[in-house]
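*Asks:* The structure follows.
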Amino acid sequence: MMRVGAITLDGKATRDEIFVDLRERVARLAAAGRTPGLATVLVGDDPGSHAYVRGKHADCAKVGINSIRRDLPADISQAVLDETIDELNANPECTGYIVQLPLPKHLNENAALERIDPSKDADGLHPTNLGRLVLNEPAPLPCTPRGIVHLLRRFEVEIAGAHVAVLGRGVTVGRPLGLLLTRRSENATVTLCHTATRHLPEITREADIIVAAAGVPHMVTADMVRPGAAVVDVGVSRDDAGKLVGDVHPGVWDVAGHVSPNPGGVGPLTRAFLLTNVVERAEANL
């Protein structure tokens, strides 16, 4: 009932299209004796992290990528985590891998991520690869920003010349998305908004595209959106009742031209481009 006005940016259908392409590419790699492998490092018993990792390995099975799991207890030392990362760096069966976050508080997340071999960085978030993105050099791209750009293009939302308001400056979405969108291949103008941004509604009402990645429930309301604009909902948080909700209020569907559902919008593409990064790495090694 709330989705009458806007076209749905359907991430699930778009993911399925990507999977068809990946299956064909993985089959060619397998025929050449180079089946790619995705590894995950999971520390502790967080139910959300376990569910997310299960989903990643289920995706691997769908396209023919080998799965490698390293599940570790919550009380491991930094040294044991480092040894696990070093083992995957040296493992020829592992084309790319991720360290599932968050880690237990006694472990140094930044040190763990920096220890990953940048060429095996499936998330595209190693400092070296983010630096290559700044320089517009080839490197694994951050999965969620790449998924956002792909989703907009898939539904023919004009990016070149568009004013994009990005809400949130996190390292996984906001900051790298601004870098992607301002490349010559995208040619957007980006306003990166955060907690100290003044006059936010005025900024968003001027935007052709809004990407909400702040993690604030329903912060983007209908009065903040220019009629016909595209709105991408990336944020995930819980409301007062404990229900998972996005950053975009349901009323936005009556005003915007395109809206991504949450869930079912960007999330499926984040996982799809995790696999894409691994396949691209395997193809580069042929």
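All residue numbers here begin at 1 and follow the chain in the order shown.
Placed from the backbone N, Cα and C atoms, the Cβ positions cover glycine too.
Annotations for this protein, taken from Swiss-Prot, read as follows:
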type    : residues                               : note
BINDING : GLY168, ARG169, GLY170, THR195, VAL236 : NADP(+) binding site
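In the displayed structure, how are the listed features positioned relative to their neighbours?
*Replies:* Note on ARG169 (NADP(+) binding site): other Cβ atoms within 10 Å of its Cβ, all shown chains, come to 18.
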*Asks:* Have a look around GLY168 (NADP(+) binding site) and count the other CB atoms within 10 A of its CB, chains all included.
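*Replies:* Counting Cβ neighbours of GLY168 (NADP(+) binding site) within 10 Å gives 23.
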*Asks:* Given the binding-site residues GLY170, THR195, VAL236, which one has the fewest other C-beta atoms within 10 angstroms of its C-beta?
*Replies:* THR195
